[in-house]
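A.B. asks: Sending over a structure as structure tokens; questions will come in a sec.
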Amino acid sequence: MGNVDAEKSIVTTAKNDRHIHSRQADAALEYLQTGEVATFSEVEEKQLVRKIDRMIVPLMWAIYFLQYQDKLLINYASVMGLLEDTGMRTDQFSHLALVFYASYLFFELPTGYLMQRLPTAKYLGLNVTLWGLLTTLNCVAKNFVGLVVLRVLLGCFESAVAPALILITSMWYRRNEQPKRMGLWYLGTGTATIVGALVAYGLLFYTADEFYSWQIMFLIFGLLTIAVGVTVIFIFPDNPMTSRLSHEKIMAIERLRENRTGIENKQFKWNQFLEVFNDPQAYLIAIIVSASNISNAAISSFSALIIKNFGFTTKETELLTIPGGVVSVISILSGTYLAGRFDQRCLCVLGILGCGLLGGCLMAFAPSDNKGAMLAGNYLTNCVGSALPLMYSITGANVAGHTKKVTMNAIVLMSFCLGNILGPLSFRTQDEPEYMPAKVAIVATVSVAILFTGLLKCYYICENRRREENGRGEQHQENSEFLDLTDRENLEFRVSFFATPESRCIS
């Protein structure tokens, strides 16, 4: 009995299944048609997972770290003299975030299409390299117009990052493994806040006349981004089938059967694209992501200015942004760990958003002379952004069919952009220094996100009951896991709200 538990023997596609058209099925199925048998123990699988972690997670973290750092550089530069040196007003500064995310939103669907048609990692690496080049050019921008042009182009190239990382994570990991891995690369947000604040603080001691301190900051991180992008192009695997793994490739593919979401298919399927817009979860997820990111964007773009308006010096302000990064790291690690451990993503999202709501209330309604409470509220609102990797993992686990996954990822990121466009607009020059309307907007939008997360959880419970009722008596279709079926086309796909090995989809 012990040997049965320790060993998993999985037979790949039989020869009589080779009539399946390779363009219709998942790329993994074509690879498995060698007829080989993958036999492996739990110990061997754990060793493989650790090997995969070492191969892709550090680079994914580095990419997301640098992407979030690029957003924060503008925030730090705002208190390092950027506005004065370029002659910008506060409202013009908020427009920099607007044009960046407008560009990001506009290019999300086109970049999703290209990502499906081209080698995923190579396409990602090219975009990282080009955005790194543009980041370095920020150091030569002399006015508002120049910065606007650069931010528009940055939005174009950075639009590929998050959907590519979501797609790559779902290519390599089981459903219960995905939240932790998404949390690890999403830690780039919290660590970027800490590292960026320390770098900005150190550069404030720069006194030479050749460059402004904020120009040096853009140059450092721009060159680092180019180096990471080139590394991704030459080292990062496009999928398990073309990776550096040898005999372990079969194991890496077969262990993902239970996901029922496939690995990759390079054919764009219009029926899967259109199915997204008939799926209720798409709209619920879009509203949650948009609402939560209105507050997240406001804090990430204006937290330094809010802290400085408490009466702190520029150097003190840079250091006082560090605790916000620590809060972000803790909430990401705890949220993604609990989601993976108990398969309860929606409940973890509710907990994280609840902490963010408390922070928003402290910022908006604490007595104006109680700066400690308002500062604590500023830090707690950093929890809101930690809900995003969980929303990524909900999408990765609950959506099947490669075209549908790519399209759904694009919609999630477009919703993310919409929130980031609207968030900074709530900070207006006439509301300085309290920014009370913006703080109230944070409370309202986080409340909306909490409400719709509850509705999403209820929808998944009802959907699970419906599928169980309709699926009674259905027989297993061989290799349905790798036929590139959507979650609606595959009658065996199930919504689960308990942590069980039979889970087909996680809420």
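Backbone N, Cα and C define each Cβ position, glycine as well.
Sharing the record's features from TrEMBL:
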DOMAIN    56-466  domain 'Major facilitator superfamily (MFS) profile'
TRANSMEM  93-111  transmembrane segment
TRANSMEM  150-172  transmembrane segment
TRANSMEM  184-206  transmembrane segment
TRANSMEM  212-236  transmembrane segment
TRANSMEM  282-307  transmembrane segment
TRANSMEM  319-339  transmembrane segment
TRANSMEM  346-366  transmembrane segment
TRANSMEM  372-394  transmembrane segment
TRANSMEM  406-427  transmembrane segment
TRANSMEM  439-462  transmembrane segment
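How about a rundown of where these features are and what they're close to?
C.D. replies: Per-residue pLDDT, averaged across the domain 'Major facilitator superfamily (MFS) profile' (56-466), gives 86.
For the transmembrane segment (319-339), the list of distant contacts is 76, 179-180, 182-184, 186-187, 189-194, 197-198, 201, 299, 303-304, 307, 312, 345, 348-349, 351-352, 355, 375, 378-380, 382-383, 385-387, 389-390, 393: same-chain residues at least six beyond its ends, Cβ to Cβ under 8 Å.
If you look at the transmembrane segment (346-366), the same-chain residues 6 or more away from its ends with a CB under 8 A from one of its CBs are 288, 292, 295, 306, 331, 335-336, 338-339, 373-374, 376-384, 386-387, 390-391, 394, 436, 439-440, 442-443, 446-447, 449-450, 453-454, 456-457, 460, 507.
Note on the transmembrane segment (372-394): residues 162, 166, 169, 178-179, 182-183, 186, 189-190, 193, 285, 288-289, 292-293, 295-296, 299-300, 303, 306-307, 310, 320, 323-325, 327-328, 331-332, 335-336, 339, 345-346, 348-349, 352-353, 355-356, 358-364, 366, 412, 416, 442, 446, 449, 456, 506-507 of its chain, located 6 or more positions outside it, place their CB under 8 angstroms from a CB of the stretch.
Residues of the same chain lying 6 or more positions beyond the ends of the transmembrane segment (406-427) and with a Cβ under 8 Å from any Cβ of it are 90, 94, 97-98, 100-102, 104-105, 108-109, 111-113, 115-116, 159, 162-163, 166-167, 272-273, 276, 282, 285-287, 289-298, 301-302, 305, 388, 391-392, 395, 399, 435, 437-438, 441-442, 445.
Beyond its flanks by at least six residues, the transmembrane segment (439-462) meets 280-281, 284-285, 287-288, 291-292, 294-295, 298-299, 346-347, 349-350, 353-354, 356-357, 360-361, 363-364, 381, 384, 387, 394, 398, 419, 423, 426, 495, 497, 505, 507 of its own chain at Cβ-Cβ distances under 8 Å.
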A.B. asks: Mind checking which residues of the chain, 6+ beyond the ends of the transmembrane segment (184-206), have their Cβ under 8 Å from one of its Cβ atoms?
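C.D. replies: 57, 60-69, 72-73, 76, 80, 165, 169, 213-214, 216-217, 220, 314-315, 318-319, 321-322, 324-330, 332-333, 336, 382, 385-386, 388-389, 392.
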